[in-house]
Amino acid sequence: MNSKRHLGHTARKRFGQNFLHDDNVIQGIVAAIYPQKGQFLVEIGPGLGALTEPVADQTDRLTVVELDRDLAQRLRHHPFLHQKLNVIETDAMQFDFGKLYEDEHLAEQGQKLRVFGNLPYNISTPLIFHLLKFYDKIQDMHFMLQKEVVKRLCAAPNSKAYGRLTIMTQYFCQVMPVLEVPPTAFKPAPKVDSAVVRLIPHKELPHPVKDLYWLNRVTSQAFNQRRKTLRNALSTLFTPEQLTALNIDLTARAENLSIADYARLANWLADNPPADVRRDEIIEENEE
């Protein structure tokens, strides 16, 4: 038997497809989402409908974003859900969730998007960064992710898991782990453990920055060289005297600073941009 084939569909490696089939896990995730009629729910990567069906049972409409042409077509012809489903066949990484919010006139209805999904593990981190651009249009997010990614999302300073993903996510959202999921809950079974996480965007940002570019810049530069002291890692942005004036320990490393610390550095850079730093240069994602 082909271990990658499930319900007549063969999982495609290039899409990072692993299909959820454990009923207990599915029930646990749906209970965590707690879908209600009248809400605007969006599922990313519905696949074969393991979450789609029980969520749609509890609501009157559901928008799904699916890249796989065959799966999108399958959902359009779902035997009993097709009238509830709005199937958008596109790459979620390129999708404008803000436009969806506007097109559905959710502001006038006093609503926001509720986003959930079993995210392809090969794009989960950049997809989360993409979704954070629309944090003010989103009520909450529930995602199945690689367990190690959930640990990073939930991490605290002074830990190995703490990194740029932690800071940028917690800058925008409250992060809560929901449940852990074994590989046997999927077909084909992934080689890693999984977990479900809940992200609730802050109604008011606890540590607002004047220019998000500088928060991206300073966190990227710090964590791309996380083994170095901040005195060295941030030497192109700050002098030692400037860091000291900002209450930063020169011997500290990237994981030792809180989100509030990074926000303070970003706001200083917004007011005092280094003359030799080009805003258009690409910030490489390469945490050590």
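The backbone N, Cα and C atoms fix where each Cβ goes, glycine too.
According to Swiss-Prot, the S-adenosyl-L-methionine binding site annotation covers ASN18, LEU20, GLY45, GLU66, ASP91, ASN118, on the basis of sequence analysis.
Overlay of Swiss-Prot feature records on the structure.
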| residue | record | CB count, 10 Å |
| --- | --- | --- |
| ASN18 | S-adenosyl-L-methionine binding site | 24 |
| LEU20 | S-adenosyl-L-methionine binding site | 21 |
| GLY45 | S-adenosyl-L-methionine binding site | 25 |
| GLU66 | S-adenosyl-L-methionine binding site | 26 |
| ASP91 | S-adenosyl-L-methionine binding site | 12 |
| ASN118 | S-adenosyl-L-methionine binding site | 27 |
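ASP91 (S-adenosyl-L-methionine binding site) falls outside any helix or strand according to DSSP and counts as coil. ASN118 (S-adenosyl-L-methionine binding site) falls within a strand segment according to DSSP.
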